[in-house]
């Protein structure tokens with residue numbers, strides 16, 4: 001086969017360069033090897049197709065069957081079954097002509113092409129393209145070391161060889177034809193964007209769309225690891241299923257990239273969730289690692305998109321990929337409750353070109369809200385009812401262009417500065433993977449959120465039904481919930497718990513771990529009244545103090561936001577009040593009494609508490625957003641401190657007789673972030689000011705929460721107080737200053753009072769009684785200041 005081969009044996013073989021799928025450590029995100037092989041073959045095909053017709057016939061002769069008289073059975077001297085050893089590279093192709101005898105049957109090569117003399121130029125060029133593909137695959141068969149891949153190459157080699165003999169089109173024979181799974185990866189990502197981000201303004205959705213295109217493109221050119229490599233890395237996996245998908249991927253996606261005689265399909269269009277699950281974890285890790293290593297090479301306009309938004313996007317998508325109840329993989333995702341189709345246009349389609357990770361096919365304008373307050377979008381995918389047609393959150397109406405333009409607030413930080421700071425704090429490799437690595441300052445629900453992401457725990461909204469066929473698994477979970485509530489709420493009658501848990505009007509957000517129920521929140525929704533009553537809330541004792549309770553409540557909040565119910569009511573006993581306070585509940589009920597009286601049952605010895613939900617808050621990601629905002633503020637403060645560490649010359653105007661200057665005229669004062677105090681009524685009459693301030697101070701001293709601040713702090717009662725508090729202040733000192741007419745302006749009086757509250761919060765922990773007194777007294781003080789007209793209301 002060496003003689004007359006169209007590919008020089010000394011030329012670089014594809015082998016490990018790109019045709020052989022790269023292993024986990026090799027990456028393969030840009031498909032450079034495959035692209036290079038495809039380009040080389042394309043050049044050879046173009047050269048061969050521009051040759052004279054006799055040269056084309058000579059090329060085809062060695063692959064065509066003999067048509068000489070006597071029923072010769074020769075199929076050309078290019079054997080359909082290649083020899084077991086590769087051809088030697090020092091053997092050069094010898095020129096052939098149609099008058100030479102065939103090496104197999106001794107008839108002239110002209111007898112092998114008599115049936116080709118009258119075919120069209122287009123058909124001859126097509127056959128020549130198959131010939132070069134055959135020769136390329138022949139080289140690959142001998143270069144390949146992996147047995148599974150070699151077998152696929154050999155099968156495709158024989159298929160193309162047969163197509164030349166029969167002058168037909170290569171048709172892959174398989175039990176299934178593409179697509180192999182519905183919905184496809186592309187459709188699943190479309191559904192993900194529609195499900196998670198449809199409520200965002202168009203500018204932010206454009207950013208998400210660009211991230212989706214980038215992700216789909218990476219999959220289309222991703223090099224799968226071989227089944228043997230995967231077995232070494234993942235032992236407990238569906239080896240047979242992966243091998244089947246790997247073979248399909250080679251035949252329909254990978255090999256057709258350089259052998260264009262075979263029909264080519266996009267990976268994202270013919271494969272679905274199964275293949276995506278098998279590659280997502282490794283692919284995500286490598287993409288983020290590549291982004292981290294190449295962050296200095298990224299264009300400035302892409303840096304925030306790649307380093308900040310892309311990791312968030314992948315984390316949110318990962319939850320939907322591995323969740324057992326994600327609606328984006330449902331065949332009826334776009335079906336409404338009535339069964340009609342919602343007309344949703346295709347949001348994404350992968351670009352058909354090989355692009356590097358940081359490339360975006362169209363300019364992207366990164367919206368500042370993606371940096372914390374809005375993104376990641378609301379996440380409620382794993383909290384689903386077990387209904388035949390899942391309820392989806394209704395996409396919000398598109399905003400008008402004028403509404404998208406948010407007015408700039410005085411004091412806003414420039415967006416380019418925000419993006420620059422975000423790029424410095426975003427480290428894709430710093431995503432925690434083990435709950436044991438969480439710091440003491442981590443959010444209360446951080447561990448639970450990580451366990452949910454890895455599939456350790458699941459959340460499901462379930463309930464009993466009298467209309468549908470009983471679901472055995474759901475009934476078992478309901479029994480488990482009844483047991484958890486009975487054990488954790490011993491003062492509640494078991495019969496009462498059982499009746500409500502199995503009542504079709506009640507639902508329960510259940511927390512599942514290792515297939516068993518470990519906690520839940522039982523509730524009843526009153527949509528017409530605009531509130532939901534929480535009846536039971538408990539987590540089994542051996543699973544407490546892990547953040548499950550907080551994460552349960554966050555999922556319940558997002559579930560109700562999806563159903564447009566924004567108020568919770570519950571009767572909490574003395575042991576539960578602390579938990580509900582941490583979850584945003586208070587005794588200040590926002591729901592009008594007429595709305596709930598007669599709808600919920602009163603409980604003796606319990607406290608009615610309520611919680612109002614904000615539909616703009618993604619509760620399950622809220623702590624992550626707050627943490628990111630704190631990091632941003634910290635970086636901004638550090639940058640500001642670095643900028644203001646500048647020594648300005650002293651003021652010389654006072655030597656020249658100037659008695660007073662505006663504060664803002666002092667050099668460097670504005671650079672520190674100083675802003676004029678809000679306008680208010682400044683009393684010019686000293687006696688009137690004294691009288692007003694005296695009245696306010698008397699009211700403050702009479703307040704029930706003023707007792708910690710009546711006199712200066714004693715050193716014996718608060719060790720180290722005067723080492724940490726540089727400017728102490730108290731109400732007794734303020735009274736003395738007021739008598740001495742020290743407060744010539746309202747600003748001096750307000751500054752001393754504010755110092756009392758600030759010092760208290762700086763020295764005492766937030767859970768202390770002193771801290772709470774400071775907050776309440778501060779609120780009262782500013783109420784009195786506003787009533788006196790000293791500041792604007």
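Every residue, even glycine, has its Cβ placed from backbone N, Cα and C.
It is 377-403, from the ranges 377-403, 404-430, 431-457, that TrEMBL records as region 'Disordered'. The Cβ of residue 533 (active site, proton donor/acceptor) has 523, 524, 526, 568, 569, 570, 596, 599, 600 as same-chain neighbours under 8 Å, each 6 or more residues away in sequence.
Under DSSP, the residues of the domain 'Bromo' (701-771) split into helix, strand and coil as follows: 39 helix, 0 strand, 32 coil. Across the range of the domain 'N-acetyltransferase' (466-614), the DSSP-based residue counts are 53 helix, 40 strand, 56 coil.
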